[in-house]
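Working notes, beginning with the structure itself.
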Amino acid sequence: MEPPAARQRPAVDQRLSGSSAVKPRVSCSRELELKTTLRELVIYIVFLTDLCILTFGMVSTDMYYLNKVMSHLFLEPSSAEDNRSGFGSIGSRADFWRFAEGPLLDGLYWDKWYNNLTLTLQNNNSHIYYENLLLGVAQIRQLKVRNNTCSIYPYFRTFLEDCYSEYRYRAEDRSDFGLRNESEWKYTSASSLSPWYWGSMGLYSSGGYMFTLPKSKQESREKLVFLRQNSWLARGTRAVFIDFSTYNANINLFCIIKLVVEFPATGGALTSSHIYSVKLLRYITYYDYFLASCEVTFCLFIITFIIQEAIKIVKLKKEYFRSAWNWMDLLLLVVSILAIAFNIYRTVKVSLLMEELLSDAYVYPDFYFLAFWQVLYNNMIAVNIFFAWIKIFKYVSFNKTMTQLCSTLSRCAKDIIGFAIMFFIIFFAYAQLGYLVFGSQVEEFSTFQNCIFTQFRIVLGDFNFETIEAANRILGPIYFITFVFFVFFVLLNMFLAIINDTYSEVKADFEVIPSQELQIRDLFRQSCNKALVKLKLKKPEMDTNPADESLERYTAELGKELNNTNAKVRRIMKSMQQLKDTSGKTA
């Protein structure tokens, strides 16, 4: 039998004989590739820094606190006595009028100081919390559906004459009703650009029967009482919207508030709200002008990246689209271009509409349109910077640890896909079971989407078991126990086992391969040393060839391997000699 040292010697000799001729050439190409990657990484870090400055320049902590104080004022009752008149406690049409005539007017009109001293209001303008100017007046709008928009079973037609369906755009009532003499009794169409509202029970259009509140608190209360007495809210009413906007000059923020009360076909009422704090007026302070310079720099970066990607596409053609990182670059460019285009549109639109919206203090200025698109722009930038951070993995892929992780994910991809199919078959089976059994009694299972999110919460341990147990004392515990057993104890541990076993295999393969190539951290350290030497912050050192350093590291590791092999051979020879001596004595 040939000893291990003899089997390994030809390969070792071949690697040693080829190291003097082939290795320097490979190291030089590797070094050139790493230098290119390092240069691209430095440029990209500058681009990412500029993008981060832009992103964090759009938001501030003041936005959160402004939303918080407005939410506390209009959504939460001021005391236990006002709990029934709070916005969140609205459960019927009577509760809506109670809120509108009480807490709503108290929050909109601040005409007295905390010691009941009457304030002198400039141009009869209200300042909410004495700091937030109420822009124009508030607007209240309702949407209705027509009668006989649903079918009544023949047995009940003698008992029921009217039938109002749930809200649909085609079932919307646009005819005049009530007194028919003012705008609140006549349907008003909205602009085609006005966004619709996605509520709890449907998607609502931006038109409707609307009116504005006067500048005086007393006149507003009288108008609300008049509408209540003349039944402005009817059986066909499906949603009521309360819109108003404020501006805080201290922090240069607009706060656009939309309070929504939905009256579903089941009866009762559901409440929801949108409170947006946005910065619509740009370029006021010196910091804003600094952000403007960052925006110009960002545009230059995008133009440069577009040219680079165009050159790559022309050079590589179809091969370009076979790389996932190239698709990531294209996605980042597309989102960036959309963000730039929308930023220009938003800036122009605000400058054109601002004077028009604020020209008349007795009308409702519709800032919700601008706030809605500003929030979409912020979301677009958030997605953009998310992918920008993910792209950093493209430049650190030369690192050994990152290579191991990428190899692990790529090697176990097929196993994970097979596992995912099995997992989601069981997962959706349990979701459908929970929806059919508990959907009519438990809020967490009221819709199929809620069932999916609820089951993910069960996996994380965030779930109230008593709710499903009270809904069904037999199927509730069976559903919960079997779901936890199969999904949590079996399937999730199978997933972890797939990842763990594959990572162990990849790590074992990387331990066999000697680390003989130049790492990007070495090249980065050399570049930093050269920069420090040029700045005279460090003494110059003797020039060393990175290929020679790599070859020295490879030689040292190879020596260790040879020493370990020789030690194993000695132990084997010693064991064989002991066996030979033992067999001789026995003979």
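Cβ coordinates come from backbone N, Cα and C, glycine included.
A TrEMBL annotation is a machine prediction, not a hand-curated record.
Not measured: the values here are computed from a predicted model.
Residues annotated as transmembrane segment in TrEMBL: 41-66 (among others).
TrEMBL lists 87-281 with the feature domain 'Polycystin'.
According to TrEMBL, the disulfide bond annotation covers Cys150-Cys163. Sequence-distant neighbours of Cys150 (disulfide bond) (same chain, 6+ apart, CB under 8 A from its CB) are Cys163, Tyr164, Ser165, Ala265.
Under the heading domain 'Polycystin cation channel PKD1/PKD2', TrEMBL lists 282-506.
Under the heading transmembrane segment, TrEMBL lists 286-307 (among others). Within its own chain, the transmembrane segment (286-307) is flanked in space by residues 47, 50-51, 53-54, 57, 329, 332-333, 336-337, 340, 343, which lie at least six positions past its ends and keep a Cβ under 8 Å from the stretch.
For 327-347 (among others), the entry in TrEMBL reads transmembrane segment.
Residues annotated as transmembrane segment in TrEMBL: 367-390 (among others). Sequence-distant contacts of the transmembrane segment (367-390) (same chain, six or more residues past either end, CB-CB distance under 8 Å): 47-48, 51-52, 54-55, 58-59, 135, 191, 193-195, 243, 245, 254, 256, 258, 276, 278, 280, 328, 331-332, 335-336, 338-339, 342-343, 346, 349-350, 353, 357.
Within its own chain, the transmembrane segment (416-438) has Cβ neighbours under 8 Å at 444-445, 447-448, 451-452, 454-455, 467-468, 471-472, 475-476, 479, 483, 486-487, 491, 494-495, 498, counting only residues six or more beyond its boundaries. If you look up TrEMBL, you'll see 416-438 (among others) marked as transmembrane segment.
The transmembrane segment annotation in TrEMBL covers 478-499 (among others).
Every protein chain considered, the tally of other Cβ atoms within 10 Å of the Cβ of Cys163 (disulfide bond) stands at 17.
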